[in-house]
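Chemist: Quick one: structure below, then a few questions.
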Amino acid sequence: MPLETNRMKIEQHITAAAVQAVKELYQQEIPETQLAIQDTRAEFEGQLTIVVFPVVRFSKKSPEATATDLGEYLVANIEEVTAFNVVKGFLNLSIAESYWIDQLNNELLSPDFGILPSNGKKVMVEYSSPNTNKPLHLGHVRNNLLGYSVAELLKAGGSEVFKVNLVNDRGIHICKSMLAWEKWGNGETPESSGLKGDHLVGKYYVIFDKEYKKQIDALKLEGQTEEEAKKNAPLIKEAQAMLLAWEAHDEHVVELWRKMNGWVYAGFEVSYKNLGVDFDKFYYESNTYLLGKDTVDEGLAKGVFFKKEDGSVWIDLTADGLDQKLVLRADGTSVYITQDLGTAQMKYDDFKMDESIYVVGNEQDYHFKVLFLILDKLGKGWAKGLYHLSYGMVDLPSGKMKSREGTVVDADDLVSEMIETARQKTEALGKIADFSEAEKEALYYNIGLGALKYFLLKVDPKKRLLFDPSESIDFQGNTGPFIQYTHARIKSLLNKAAYQSAPVPADITLSATELDMIILLGKYPAEIASAAKSFSPATMANYLYEVAKLFNKFYHEVPPIVKEEDAALKQLRLDLSSVTANILKSGMRLLGITVPERM
RNA sequence: GCAUCCAUAGCUCAGCUGGAUAGAGCAACGGUUUUCUAAACCGUAGGUCAUAGGUUCGAAUCCUAUUGGGUGUACCA
């Protein structure tokens, strides 16, 4: 069952009538798609507007005359259309107030408002996908929040969603940390050092790099080129040997690997919990890195791949504007794309999903283009459901973050800084004297994380994002705390007024702002659907901001609602407030943000 | 070199499949509290939508070129 809100119904109704009008008045068939209905701009009378320029071709009249023809027809034929005015080529329609009140009573106040019908689709969202050689940084935070939110949006949009995390737990980079720890760690553990496990391992990753660089420099002094030195440094050779030992199931190496990965997982668990993200299933590359060779055989058999003289296997994508791409090394070992081919097949076999979203940075655009194209060429029907949600890098004012150069914003540090800032700001306002310690801590957490999450999610995922560590994230204006505050304020109001949901009389008079609220609040279900469709928490964030802003305007305009003596008016205003609060709460939840009852 | 993404106010960003006079927030300046939470509200100021062409009744939006930036172009992942 497709989503159908009152707003959609009336738009369809008007569109259909306009088509009919063109038929009757001008004896022409106009396609519905030519008739766009939009909100009427605030400075004009009316709520809905038809742009009539496209109709002029059919009417052979001026835009004004055409608009007037249509306006007269719509007033005569649609009950809800009470009046119209024409400004240039724009036909502004006034919709009966009773219609909007009916929408409030029967749609917005309904308990299942904002709950979309199932669309029967199964969707996988793969996100996070960390390396186990270093702690999470701000770039990972963006990935995690995006992936989580997109998954929640898809669920809210009616899909069945599986969140999965493909952990990159093996490879040369992991061996680097392991080797450095073995050489210089003196048996240091999270317990002995008090360091969080992922940070401890990350420390040795950095040490490896430092020592490796020293060796490279030494070799360069001996006359080797940069490239030679990088290849010949003893440390890298040791790391490579360790990787081979790992692949050969060397007991000692595997044990070390288990131990250090265990530390990292314990650390990640804390970070994930702080960020409020979760997964339905974990995949580990240590289990999947050998996959894909069957797929390679399949491709060879189908003639999609070809073998070079040295035995390496390739695909020629030059006809598609891409390059030739290696899919299997001459020695029969996998490359990145080999395992991704295999993993894609495995994930599909596991879940039989209709769509699969990979939340991965835009530096891998090319890789996914190739991956999806190959799967398609292999005749995988499900390949058309694959989608790379490619998000932009998080940059610092100084440029890109680099773990090895220490210019990263650490995820755990950032989270604690945000909580600390929330604490300071909240204490400065002094509104929560009666909170228990536990309530205070929960509030600081919710506000701090709310500010952070909103900050990262409000910008279009595709765009790169600038984070300036020297400027703290705002708590005022278009921010998470602003929306949280609006919610808390409404809840306080509803409590004081002992609010009970009830319909309002059909003949009540609405102020301009109240009418605007009904119109804006009524768009919520469509906002969910569109945010889910476009995989964009940003559109939801911006919508929620509009809602909060409009409420605050309304709240200031209107005399104290609690003291309102006109019962119908009081009910109307409380209903509008309550619907606003519900939308803010459930919408923010889709962003992974908790809104407090008081703050 | 080739591929690909991006360029909107001092800063950070909205602007949906082309529609009315391009909008917010921050920063700046001014105002609002005996009234339901001032993390709020109202106002002032701030723009050649990178540049040049083109398509169109109409372009920030679509097309082409140019400039400037990001990323990729590994038998790394």
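First residue shown is number 1, and so on along the chain.
Here the Cβ of each residue, glycine as well, is placed from N, Cα and C on the backbone.
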Chemist: In TrEMBL, one of A:130-140, A:471-481 is tagged motif ''HIGH' region'. Which stretch would that be?
Modeler: A:130-140
Chemist: Would you report the average pLDDT that the model assigns to the domain 'DALR anticodon binding' (A:483-599)?
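Modeler: Averaging the confidence scores along the domain 'DALR anticodon binding' (A:483-599) gives 96.
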Chemist: For the domain 'DALR anticodon binding' (A:483-599), give the DSSP counts of helix residues, strand residues and coil residues.
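Modeler: Counts, helix then strand then coil: 79 helix, 0 strand, 38 coil.
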